[in-house]
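*Asks:* Structure below; questions to follow.
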Amino acid sequence: MAINAGSSSLKFQLIEMPQETVVAKGLVERIGLDNSIFAIEYGDDQKFELVEEIATHDRAVELLFEHLTELGIVKDYHEITGAGHRVVAGGELFKESALINDEVIQQVADLGEFAPLHNPAEAAVMRAFKERLPEITMAAVFDTSFHTTMPAVNYLYSLPYEYYEKFKARKYGAHGTSHHYVARRAAEMMGKDVKDLKIITCHLGNGASITAVDGGISVDTSMGFTPLAGLTMGTRTGDIDASLVAFVMQKLGISDVAEMVNILNKKSGLLGISGVSSDMRDILSAAAEGNERAQLAHDIFVNRIQKYIGQYIAVMNGVDAIVFTAGIGENSIQIREEVIKGITVFGCDIDTERNNTRKEAIISPEGAKVTVLNVPTNEEMEIAREVERLKQA
Ligand code: ADP
């Protein structure tokens, strides 16, 4: 089972390995709030939904296990032989996925300072799983591990150096599992060794980040100390001048920094600019109907991606491939075309016919200097594979 827990949510996929068949998937939302929802899809398009109070992550796990048997998805939840937990913040400690024991759970909880909404919830879900299935292989798969190879020149902020020494204040990045997977897959599709390539991976979902992958390792990435930095996202600002935080707080009479951080995380980005929606499909259709602010949100989104690609070509002093992935990257033929058509100066181009796809494909013209690819990501499957790998290690 691949598990992705957030502060008030828990997403899960039950996957049959090594066949990689998804047996069931679903989510629990609004944990700790009123009208919590548990929803699961399984079998041949069968669905089940329940609205009731789900006060804690432990209760969410209990409910999940109950329903796996009640709905006949498994005879007994002990049929589950492995669990992989996605963890947002691994700090400098976790350079790769780790087998879960009490010490690792505590370390994940302690790293909560870096991801207060995520790590404590993830630790709670690990505990809930371990109590019910103490005998199985459980792995923690970190969003940050892939980026632990970044050099100091790219991960350090230009702050007093002791903030790094004392507080570990630095760039950690995110979406590592996805960037790692699509970079490897792109190299395979090109028939090349990833070690010989300079790749820029663009993970464009609700959260969005871009990574410079040089010789198979992450050398720079757009998300920062937390996933707030970098590109314009669904509801997150991406990069802004830090002085604006103080300025806006003063203008709005906000004294609680957490309230301001919430605005930067939840009310900004595509939603904040457009006033329409955080969802790119809504933005595209509103823009097509002539909504100017939706058009502007779209333009800013594309512009930031282009700027980061330019930056990372400079960081690596070259580029062999540009990869698109995640909700927007995989599905928006239009956005891929717009991004690439605006930066042909770098030797990249798009083949309109090849780009007319939502599947894995090379979408640049034959013989182009830079290969552009669409590579659907699958973080849950990667997490399941990590569990299998660690089981055999
Ligand atoms: P998350 O970060 O929540 O995992 P996803 O990777 O699922 O996000 O991406 C969600 C985003 O993908 C939304 O903005 C959604 O509008 C966008 N998206 C999905 N399908 C399309 C499409 N056909 N065209 C444009 N955007 C799309």
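Backbone N, Cα and C define each Cβ position, glycine as well.
TrEMBL entries are annotated by machine, without manual review.
I grabbed these lines from TrEMBL:
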BINDING   Asn4, Glu379  Mg(2+) binding site
BINDING   Lys11, His203, Leu204, Gly205, Asn206, Gly207, Asp279, Met280, Arg281, Gly327, Ile328, Gly329, Glu330, Asn331  ATP binding site
BINDING   Arg86  substrate binding site
ACT_SITE  Asp143  active site, proton donor/acceptor
SITE      His175  site 'Transition state stabilizer'
SITE      Arg236  site 'Transition state stabilizer'
*Asks:* What subset of the recorded positions Lys11, Asp143, Glu330, Glu379 lies within 10 angstroms of Arg236 (site 'Transition state stabilizer') at the C-alpha level?
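*Replies:* Passing the 10 Å Cα cut: none.
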*Asks:* What's the longest C-alpha separation between any two of Lys11, His203, Leu204, Gly205, Asn206, Gly207, Asp279, Met280, Arg281, Gly327, Ile328, Gly329, Glu330, Asn331, the listed ATP-binding residues, in angstrom?
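*Replies:* Output for ATP binders Lys11, His203, Leu204, Gly205, Asn206, Gly207, Asp279, Met280, Arg281, Gly327, Ile328, Gly329, Glu330, Asn331: max Cα distance 22 Å.
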*Asks:* From the binding-site residues Arg281, Ile328, Glu379, pick the residue whose C-alpha lies nearest to the C-alpha of Arg86 (substrate binding site).
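*Replies:* That would be Glu379, the closest of Arg281, Ile328, Glu379 to Arg86 (substrate binding site).
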*Asks:* Let's check the environment of His175 (site 'Transition state stabilizer'): how many other CB atoms sit within 10 Å of its CB?
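*Replies:* Other Cβ atoms within 10 Å of His175 (site 'Transition state stabilizer'): 29.
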*Asks:* Express the distance between the Cα positions of Arg281 (ATP binding site) and His175 (site 'Transition state stabilizer') as a whole number of Å.
*Replies:* 22
*Asks:* With the Cβ under 6 Å from ligand 1 as the test, give me the qualifying entries from the recorded positions Lys11, His175, Asn206, Arg281, Glu379.
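*Replies:* Asn206, Arg281, in sequence order.
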*Asks:* A 10 Å Cβ contact count, applied to the binding-site residues Asn4, Asn206: which residue has the minimum?
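*Replies:* Comparing Cβ neighbours within 10 Å for the binding-site residues Asn4, Asn206, Asn206 has the fewest.
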*Asks:* Just jot down the residues in the same chain as Leu204 (ATP binding site), at least 6 apart in sequence, with C-beta under 8 A of its C-beta; none if empty.
*Replies:* Leu231, Ile305, Phe324, Thr325, Ala326, Gly327, Ile328, Gly329, Ser332, Ile335
